[in-house]
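*Asks:* Mind looking over this structure? Questions follow.
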Amino acid sequence: MSQALSSEKPFQISISSFDLTLLRQKLELVRLAHEVDNAGWDYGVPLSEIKRLTAYWKDTFLPKWHEHEAKLNEDLGPQFTRDIEVDGGFGKINVHYVHRKSAVVDAVPLLFVHGWPGSVLEVKKILPLLVEESPDYPSFHVVAISLPGYGFSEAPQRKGFEAVQLAEVCNKLMLSLGYTEYVTQGGDVGSLVTRKIAQIYGPKHSKAWHTNSPIGEPPHPIKRPLLLLSHLLFSYSPSEKAGLERTMQFQKQGSGYFAQQSTQPQTLGYSLDDSPVGLLAWIYEKLVNWSDGYSWTDDEVLTWISVYWFSKSGPAASTRIYYELAQAYPEGIFSGVQTPIPVGHSYFPQDIFVVPRRWIRAANPTLVFESDHESGGHFAAHERPEELVSDLRKMFGKGGPCYGVVPGKTGYVVDVIKFGGRD
Amino acid sequence: MSDAETPFSIAVPDDQLELLKQKLELTRFPDELEDAGRDYGAPLADIQRLTKYWKDVHLPKWREHEAKLNEELPQFTRDIEVDGFGTLNIHYVHQKSTVVDAVPLLFVHGWPGSFVEVRKILPLLVEASPDHPSFHVVAIGLPSYGFSQGPSKKGFKCEQYAEVSNKLMLSLGYNEYVTQGGDWGALITKRIAQLYGPKHSKAWHTNMPLAGPPQLTQSPLLFLSHHLFKYSPKERAGIDRTNWFEEKGSGYFKEQSTQPQTLGYSLADSPVGLLGWIYEKLVNWTDEYPWTEDEVLTWVSIYWFSRAGPAASIRIYYEILQGSLQGVSQNMATPIPLGHSYFPKEIAIHPRRWLKAANPTLIFESEHESGGHFAAYERPEALVGDLRKMFGRGGPAFGVVPGKTGF
């Protein structure tokens, strides 16, 4: 069989001087919003935070961009781009990804999928841990994709590019890299995408999936009567109640971005593409509110924002997925969670959607792994990298419920003496 | 007797014009999906066209637009003390009719409007005629809007907006007056009616009539009627429009009423961001109004050059509604006569029977075949026609301000 010419090209982040100059010029012209006295975080991101970050961006971070860029390229390791053809008239999309292989030949191929307002950066801390070789735990070959519309991937040009298309791109990417069978890890939008991958490409290609954004629907008299009975008869634990309260609070006070992005993303997009401080505030509010007291450094925040600011298609493109999902799933994205393959959950108490365990279990009949954490929020891979990787190691490691789920790729060095034969 | 007024002219400082010019020159546009139309938000082609015009034509001629506004609208400022919030310097338009006993009328704008919304109805309202009443008109610039100062403390709610408005009228010697308002102006004039009527506010008119859906426990007959008797095609269309607004058109509302400061940084820093944010509503909320570039940009410029900055104007959503549209249609009853004008492209349209049930003092209704949310701007003759009927000879609110019949 002839080998089709792959369009894979090595990639390094290298922001043009035009883009850097434009950003500098815009930062020099920033006009800040006033604030009411003692606003705190009640009205949104405090002025003092934005003032500090904006000044730092202009005076320190941006002038040193090349250092940050170099570190980013170093931390992410080998990056590539590749054309992926998407069915349904979407044509070719040039996709950016990180691809790091473990020294362990039979490492478990793992696709990591970020969400919004995340990016491929979210793989940075877990990457070295995942590929690490050890007799005590499995290692992984890691592919971290920049979803179309994010980071250094192209964006779709046509309407209707939703979770199904994102799943298709991911699956095709893995296949093109020679990973016919693989597992996935995802949170936020990444959780939706990896769930779709599981439903469409599992168990043929996707063999198991893990998420740190587990969901389940509430009890319903007709749709989920047993759950309703349990809801009425047996009380929830204090932590479940706290989680529900946090979820309700988020719906009530923290979901304005969701309403806007699901209905009029283009309108919002004019601000996000034109104003660095507008984009900074829009994202920073989530970085703080959705994480568990994570001590973001200014460099971390601005690197994160920069991936959006310098993204190939601009920040506005990243918000369109909310609109497309609202169109494609009018009944909401919290239904139809079931998949035909094993799923593992990590529960972090300060995530934005934390619902009772029985709702989640009822919605996920193939749930084989659960791990509870005392702390941590939405951006698990960034906030709690060791814990997340530890969970993956338990799930996929020897004695774990998904050990050997990818045939021949257990994540360990094959013991030649034990098997007494040629390698 | 009112004390002397302090005249005001809009005179944007040169450095603000220069900053806007520099920002416009650095505009970075997003891309757009093929055939997006208006589905995803304000269309890119429109925003690009408007931005270019802003930079190349409107802004260079700003002093002409400014002069025209100053010529058409006699403006003033006045310090008003607000309980618990100190003194706020309030900007307003004030034009008296030549008819001495004209009806004092307070016009209250909303968001994303401003005092500029009185521009077209002003000459019609003050006009003297034996055939219709005339009005002395006060159009307040709400605190945090246009050239009015904004409060620096938290908690400036409907009561405070009502207090400022009432105090302004009293300070101008209008001890008794009537009001007209849409959008936030509707909620604020309703509150004025509740707090200061009938002592000061004698009657109120709105082009954004409101009522909540019938509740079984509160209005059982209405609830029954809701389920048993059909709505007319017009009412169905109104319900559809209201549903459209809640499902597709209220993202801005959710953000502004929960995290206004976060959004505010964009609106304060990006002229094209502010333009997109407002223009979407100017198009979607009107009945195919043929906005000229100059109209749109003047409207947006008032926000861009506003005294308190664009971020301040959206705080009202947070202070008063805190994330939920429910508060909008509650507690409607007032102790004074009320008039409604119905325009088919308003963003919240409720069946007539709900409106009558929720507003027991409703004494005037007028239905229109066209027109949308910004009635004073889109349909000035129609709106003024309604006010003339409501307050004129033979009208249900004739002489409601003793001694000031408008003739």
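Cβ atoms here come from the backbone N, Cα and C positions, even for glycine.
Note: TrEMBL annotation is automatic and uncurated.
So TrEMBL says this about it:
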type: DOMAIN; residues: A:9-123; note: domain 'Epoxide hydrolase N-terminal'
type: ACT_SITE; residues: A:ASP188; note: active site, nucleophile
type: ACT_SITE; residues: A:TYR322; note: active site, proton donor
type: ACT_SITE; residues: A:HIS378; note: active site, proton acceptor
*Asks:* Taking 10 A as the limit, how many CB atoms besides its own sit near the CB of A:TYR322 (active site, proton donor)?
*Replies:* 21
*Asks:* What's the number of neighbouring CB atoms sitting within 10 A of the CB on the residue listed as 'active site, nucleophile'?
*Replies:* 25
*Asks:* When DSSP is mapped onto helix/strand/coil, what comes out for A:TYR322 (active site, proton donor)?
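*Replies:* Looking at the DSSP assignment, A:TYR322 (active site, proton donor) belongs to a helix.
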*Asks:* Once near-sequence residues are set aside, which residues in the chain of A:HIS378 (active site, proton acceptor), 6 or more away, have Cβ atoms under 8 Å from its Cβ?
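*Replies:* In sequence order, the residues whose Cβ lies under 8 Å from that of A:HIS378 (active site, proton acceptor) (at least 6 apart) are A:GLY187, A:ASP188, A:SER213, A:LYS286, A:TRP290, A:SER291, A:PHE348, A:GLN350, A:ASP351, A:ILE352.
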*Asks:* Quick check: in three-state DSSP terms, what is the residue listed as 'active site, nucleophile'?
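*Replies:* Note: the residue listed as 'active site, nucleophile' is coil by DSSP, not helix or strand.
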*Asks:* In the predicted model, what is the mean pLDDT computed over the domain 'Epoxide hydrolase N-terminal' (A:9-123)?
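*Replies:* Taking every residue of the domain 'Epoxide hydrolase N-terminal' (A:9-123) together, the mean pLDDT is 98.
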